[in-house]
Amino acid sequence: MPADLKNVFSQIDADYENLKALLKEAVAIQSVSGDPSKRDETIRMVHWMKKHLEEIGVTCNLADLGTQQLEGKTVQLPPVLLGTLGTDKTKKTLLVYGHLDVQPAAKSDGWDTEPFELVEKDGKLFGRGSSDDKGPVLCWLHAIRAAQKNNIELPVNIKFCFEAMEESGSVGLEQLLIREKDGFLAGTDFVCISDSYWLGTKKPCLTYGLRGICSFFVEVTGIKQDLHSGVFGGVVHEPLQDLIYVMSQLTTVDNRIKIPGIYSQVATLSATEEKTYDEIEFDVAEFRDSVGAKHLPTEDKKTLLLRRWREPSLAFHGIEGAFYGPGEKTVIPSKVIGKFSIRIVPDMQPEDVNKITIDYLNKVWAERGSPNTFKPRPGHSAKPWVVDVNDANFLAGARAMKIVHGVEPDRIREGCSIPITLTFQELTGKSVLLLPLGAADDMAHSQNEKNNKWNYVEGVKTLLAYILELGNV
């Protein structure tokens, strides 16, 4: 590591309390995009970030997205924050994406602390958004401030695209970006997103692939209203019984998908790629313990990682219309809707997955022989994404990781979906780097979400090193 950069990193360490204070402010803003009662807070979060970007010289613009219908109400969509730092035509341009909204959270959900109050305990910073994605977003701010404080000229222009609807489907963002293809997005040379996680808790990694998604709804109706189970049980065809039967036919006990043809659409695994799975550092026991499972469907490292990243998976999400509160409610529901999704991988196409899934559901229903009404339908979908690990942008990220952490990062895929990744790649014609800063046990979307103090501080250093490395591309 160059001596001058080492000095900057030491200053970042010394500035920790200021870094934490800003994250505390951000976490306190309850920017829950899916809750209409929190919409003003969500909008306030965008303005808060705009203020702090402008303090470091970023020229900001708030792109209006209009309104949306949410829980029967017309509510204002939070604007997208578009910022520009530097317009030197002799320099290349980096586009940074992040999101400022969060998932719902309440202490009564099982949190050990108040979710919107940042609490430091045992080197961990607990709070909703501390890791997903307010912490990583603030790392960009801190990295640029550190450069400016030390009179380090940034070798690239930087553009920022920060939205506040990511947790609710990024409503309106894709349409905005399409309109800005020849405007704000023009001249982009690199794209970077820090909204994913390390494979474990100790070794850094870079992400070169994401699974896509196809979601589904399965509706069963048959009686005109909910009925008393004591009076009508055994003498009507119950929609919930039918639904549970149908959904039980989708997977095996070891989580293999039973839909014919689903695995034949997967791209062939090359010998070169397969070898990389042997080299990845991954502790199966640590992973099993981190999710609190007694057993996993497989405890072979390579098989587990292939199933997590390289193969499709099917997960159930809930049943609408069925009673789910505490206590008992002995009724027969008249209408139920089952919800599940399939994560897809290259070379699977959403339209093909939708067809074979709906066909299979209809086949299972026919075999069931129920006179009830059955309506399966696809929901939203997103394609999988993969990038060349030898791309200049990716290699700059790898060098930055090594500068900060002293080791080569693992090259991994991720099982989740970030649809906007493919949108940026297609609209800019440039590669997208997913540069994870958080640890695998950060519990994003869950109770007790946290960001390790160490990951937060090292994340600032990593993003600064990455920006500087782009100057060598």
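Each Cβ is built from the backbone N, Cα and C atoms, and glycine gets one as well.
Database features, via TrEMBL:
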type: BINDING; residues: HIS99, ASP132, ASP195; note: Mn(2+) 2 binding site
type: ACT_SITE; residues: ASP101; note: active site
type: BINDING; residues: ASP132, GLU167, HIS445; note: Mn(2+) 1 binding site
type: ACT_SITE; residues: GLU166; note: active site, proton acceptor
type: BINDING; residues: ASP195, HIS228, THR330, ARG343, SER417, HIS445; note: substrate binding site
type: DOMAIN; residues: 208-365; note: domain 'Peptidase M20 dimerisation'
type: SITE; residues: HIS228; note: site 'Important for catalytic activity'
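Feature annotations (TrEMBL) mapped to structure.
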residue: ASP101; record: active site; Cβ contacts under 8 Å, 6 or more apart: SER31, VAL32, SER33, THR42, MET45, PRO78, GLU163, ALA164, MET165, GLU166, GLU167, SER168
residue: ASP132; record: Mn(2+) 2 binding site; Cβ contacts under 8 Å, 6 or more apart: VAL102, GLN103, ASP195, GLY438, ASP442, ALA444, HIS445, GLU449
residue: HIS228; record: substrate binding site; Cβ contacts under 8 Å, 6 or more apart: THR330, VAL331, ILE332
residue: ARG343; record: substrate binding site; Cβ contacts under 8 Å, 6 or more apart: ARG211, GLY212, ILE213, PRO312, SER313, LEU314, ALA315, GLY415, CYS416, SER417
Let me check the 10 A CB neighbour count of SER417 (substrate binding site). How many other CB atoms are there?
21
List of residues, in chain order, with Cβ under 8 A from that of HIS99 (Mn(2+) 2 binding site) and at least 6 apart:
ASP133, VAL137, PHE162, GLU163, ALA164, MET165, GLU166, GLU167, ASP195
Counting every protein chain present, what is the number of Cβ atoms, excluding its own, within 10 Å of the Cβ of ASP195 (Mn(2+) 2 binding site)?
24
With every protein chain in view, what's the tally of Cβ atoms within 10 Å of the Cβ of the residue listed as 'active site, proton acceptor', excluding that atom itself?
23
